[in-house]
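Following: one structure in structure tokens, then a few remarks.
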There are 2 protein chains.
Amino acid sequence: MTKAVAAPDRTCVRVELGERSYDILIGPGLIADAGAQIAARLNGINAAIISDETVAELYLPILREGLAREGIESTDIVLPAGEKTKSFEHLIEAAHGVLEARLERGDAVIALGGGVIGDLAGFVASVVRRGMRFVQIPTSLLAQVDSSVGGKTGINTGHGKNLIGAFHQPALVLADTAALDTLSEREFRAGYAEVAKYGLIDRPDFFAWLEDNWPQVFTGGPARIEAIATSCRAKADVVAADERENGKRALLNLGHTFGHALEAAVGYDGRRLVHGEAVAIGLVLAHEFSARMNLASPDDARRVAAHLKAVGLPTALGDIDGDLPAPDILMHHIAQDKKVKRGKLTFVLTRGIGQSFIADDVPSSEVLGFLKEKHPQ
Amino acid sequence: MTKAVAAPDRTCVRVELGERSYDILIGPGLIADAGAQIAARLNGINAAIISDETVAELYLPILREGLAREGIESTDIVLPAGEKTKSFEHLIEAAHGVLEARLERGDAVIALGGGVIGDLAGFVASVVRRGMRFVQIPTSLLAQVDSSVGGKTGINTGHGKNLIGAFHQPALVLADTAALDTLSEREFRAGYAEVAKYGLIDRPDFFAWLEDNWPQVFTGGPARIEAIATSCRAKADVVAADERENGKRALLNLGHTFGHALEAAVGYDGRRLVHGEAVAIGLVLAHEFSARMNLASPDDARRVAAHLKAVGLPTALGDIDGDLPAPDILMHHIAQDKKVKRGKLTFVLTRGIGQSFIADDVPSSEVLGFLKEKHPQ
Ligand SMILES: NC(=O)c1ccc[n+]([C@@H]2O[C@H](COP(=O)([O-])OP(=O)(O)OC[C@H]3O[C@@H](n4cnc5c(N)ncnc54)[C@H](O)[C@@H]3O)[C@@H](O)[C@H]2O)c1
Ligand SMILES: NC(=O)c1ccc[n+]([C@@H]2O[C@H](COP(=O)([O-])OP(=O)(O)OC[C@H]3O[C@@H](n4cnc5c(N)ncnc54)[C@H](O)[C@@H]3O)[C@@H](O)[C@H]2O)c1
Ligand SMILES: [Zn+2]
Ligand SMILES: [Zn+2]
């Protein structure tokens, strides 16, 4: 994609995973239309909708109306909004809710919300009766371009994020692009970091297109649909090649090793740093570190930083409010990250815009030295 | 198998599931030898052993010694013995234990115990880091012939048994037949009901062999290994044909619809009825009900009852200590069972010894009438 193609009002991205293949429909109005879309594909089911308080208030009534019109009975399970909901406690609450509704294996769990609800509801769908059908209705930009694609589900524990979970593919994903209009600008920008990430992984033309067209992605319309569809396609390609994350899928972690360490460093305090913001900084750091390792040109790192800054994202450690832990503590968080294999550091590095690759055996001394340079104190 | 073939000291049954295929080794001394067997197949791993207090006391030291000899570091997580351990509470405890030990995806969770520990540990292995390797060392007869084969894992909730779980195949199963010597006779007999079940599903010759050779199965030696290996092969065949229980696998529920209702009826009180005992009664009831429906000869039901009675298993509702709920309550428990699809009763019925089949749409009025006849009051 080298120019802004006038996207149609609704787009379909197919995720090819053999008998687990499914469609992602992208466009405005899909929440109201979900009942019809689901009824057309999943015969004679009932459903449990899992949502959070914020999203339920905005969209649960239209969703339930549409389901009822098609004769789909639904129960709803509304949980608090926020990352803390991805816990054993709420997993148990939601699983009990689904069982209480006497749903069977062929029935569906529907996630209506951002990535938190999608991850939790997908895990619920995966474990109740050893696997129920699952429909994703992602309502945040991050969920539409990232968490709803690929089948990773899970919750957090005291030991870290996403340490308990399952791979469980949805039967259908409905990304209502108009629902993003009620998302806070900060959350939209955070999700945008993941959109930019796909360009940086292996789609340099897409990154260039974003540099030109990002304002239209933010305001809505065809450019937004196009950006979401391209992102879903990019993620779906990687997932199809490596469903269970044994190899290539690790590319999706571009910017995330640094990003996760920063999230841990601020104690997952969303007021200071939400995930996409951490990823934005992580993307810049990954390019800068690649330049330091003489793999890429420092110009690429500057170009990445310039674009993310233009959309209003943080791009350096110094952009984080408040004090950061010392470099060796950040290093410790990096080593804790689950992308560590048998004590060696695995990093996604890059040879330039859209030329990322997986590097094993990155010396931790180099990383520590780099963090010392970049640290604001 | 029409006669007692002198089995070798150790047998291997291969479970064919494509890239998830694995071996079940069967024979005496496999707990002491587990370290060597695991090291030979799973390269460079560390492990968390999940066990219950009773089994840990008997076998944990020899298992750990054998692992240590091969340089496999292990942590142990010892839980209370009994069905109540298959709960969210102990799932969380065990998952934390595995994370605490800083194990990675390629490391193994080892289940050392009966079906309770196997089901719980398998579920832990399935969800920690979205799937770790899993080794089963089943120590009860039921676990060796049934629960350790096929990949079903899970826990119970207030809504019923095994309602939360996953399909997660082990990488290796080590069935130490000598470990069964410390199992109580009652538990051994209960497991034997599942052995007999395989004959009744589709191996009439095996059932006839058991009628002649059951005393040797109980005392140990080649006949025990042979009976366990044939049972594993029988289950593995069904599982290979239907890994995720969409069809044929339901045959394994022969005797279980009635059996589960009886377990529920006594409030899962193991002092009154353990699972295998409920299955023994369920097997007889399934044959009697099939006769009542004019599908099989009443002689077959009498033959099944005679054999199970000979080994000391209960075979009728009246054999259960204490009062049973009224027939309509039993019927209610049957309808609650998860083998109910969209309100219709699905039963495994039979046309004779070794000729079971899946019957949809069994009229619940017939079942109720039958229960009224069989009820001791
Ligand atoms: N499964 C995966 O592959 C994957 C990938 C990336 C991220 N994730 C996970 O996703 C989660 C983050 O997702 P997120 O950023 O969507 O967080 P989120 O679900 O917490 O949503 C962010 C906030 O936006 C609100 N919101 C969502 N949609 C809205 C709408 N249309 N209008 C108004 N408010 C709305 C939510 O209530 C919430 O307060 C993290 O837990 C992360 O681990 C998972
Ligand atoms: N996953 C499956 O496919 C499947 C199939 C059938 C049953 N199950 C499950 O299996 C469980 C029942 O298994 P179980 O009957 O083995 O129960 P269990 O695990 O509770 O073991 C029975 C008792 O025997 C003790 N024990 C086990 N091995 C021993 C040994 N060698 N020496 C002395 N004591 C020993 C245990 O401590 C326990 O007290 C149920 O929860 C049932 O749902 C699962
Ligand atoms: Zn991310
Ligand atoms: Zn059973």
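Placed from the backbone N, Cα and C atoms, the Cβ positions cover glycine too.
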Of the candidates A:H168, A:H256, the one that TrEMBL places in the Zn(2+) site of A:E194, A:H275: A:H256
Cα-nearest neighbour of A:D119 (NAD(+) binding site) within the listed binding-site residues, A:E194, A:H256, A:H275: A:H275
Lowest local Cβ density among A:K161, A:H256, A:H275, which the record lists as binding-site residues, within 10 Å: A:K161
Between A:H256 (Zn(2+) binding site) and A:G115 (NAD(+) binding site): CA-CA distance (Å): 16
Conformational class of A:S140 (NAD(+) binding site) under the three-state DSSP mapping: coil
DSSP-derived class (H/G/I helix, E/B strand, else coil) of A:I117 (NAD(+) binding site): helix
Distance, A:H256 (Zn(2+) binding site) to A:I117 (NAD(+) binding site) (CA atoms, angstrom): 21
Where the C-beta lies under 6 angstroms from ligand 1, the matching binding-site residues among A:G115, A:D119, A:S140, A:E194: A:G115, A:D119, A:S140
C-beta crowding around A:I117 (NAD(+) binding site), within 10 angstroms: 33
